[in-house]
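Feature annotations, courtesy of Swiss-Prot:
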BINDING   Cys121, His124, Cys192  Zn(2+) binding site
REGION    1-24  region 'Disordered'
Amino acid sequence: MSDNLKSYQDNHIENEDEEIYERSNGKGKELVDFGKKREPLIHNHEVLNTMQSSVKTLLSSLGEDPDREGLLKTPLRMSKALLFFTQGYEQSVDEVIGEAIFNENHHEMVVVRDIDIFSLCEHHMVPFHGKCHIGYIPDQKVLGLSKLARVAEIFARRLQVQERLTRQIAQAIQAHLNPMGVAVVIEASHMCMVMRGVQKPGASTVTSSVCGIFEKDSRTRAEFFSLIKSNK
């Protein structure tokens with residue numbers, strides 16, 4: 001198994017505020033936050049008021065009048081939108097998976113592909129969007145199919161970079177299901193490459209994260225890549 005995808009279950013850290021797993025990557029320790037379900041910040045009036053004030057300051061800094069008709073409700077709308085786009089911080093993988101792990105004595109590959117994902121690049125806070133493909137080989141236990149998409153959604157709804165998002169999805173499935181292997185591929189278009197910078201519409205970024213048998217066995221890995229490309 002590569003340094004980037006060690007087992008995450010060996011060193012479980014108890015923390016009252018959030019579920020955190022510690023893994024060794026060969027260069028020290030990395031904390032992997034699987035989250036804890038919390039009251040949505042969108043219902044926190046203090047947070048909303050602070051964010052609205054900040055948005056008004058941004059609008060004024062752009063030379064706009066935040067009190068003109070078209071912008072009067074923009075601070076509230078933008079604040080609520082940002083909280084929705086980042087609601088993954090308030091969600092827990094444990095809560096999402098719940099009791100949807102089933103003993104099926106199944107050992108063949110399971111693939112859910114073309115999961116739509118939307119996220120915000122943490123560098124410019126502009127969107128990137130695309131498709132996520134998830135595959136795993138169960139060790140008897142299988143996960144409800146919709147839960148794979150929900151796990152991807154938890155990590156996509158945070159400030160992200162695509163490489164980390166791909167890795168976190170794989171880590172969460174590995175840690176909670178303990179399968180024989182996990183593979184995740186994300187294909188995405190980044191607005192920071194379309195609307196600014198190099199301004200190259202049509203460019204896409206592909207990232208992958210594999211562990212277990214997908215890393216050790218090239219034939220298994222090739223089967224996964226073949227399945228996510230079939231009939232396209």
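Note that Cβ sites are derived from N, Cα and C of the backbone, with glycine treated the same way.
Within 10 Å of the C-beta of His124 (Zn(2+) binding site) we count 14 further C-beta atoms, all protein chains included. Compute the center of the Cβ atoms of Cys121, His124, Cys192, which mark the site for Zn(2+); besides them, the chain residues with Cβ within 8 Å of that center are Leu120, Glu122, His123, Met125, Val126, Phe128, His190, Met191, Arg196. Non-local neighbourhood of Cys192 (Zn(2+) binding site): Cys121, His123, His124, Val126, Phe128, each in the same chain, at least six residues away, with C-beta under 8 Å from its C-beta. The secondary structure of Cys121 (Zn(2+) binding site), as reduced to three states from DSSP, is extended strand. With a 10 A radius on its CB, Cys121 (Zn(2+) binding site) counts 18 other CB atoms from all the protein chains.
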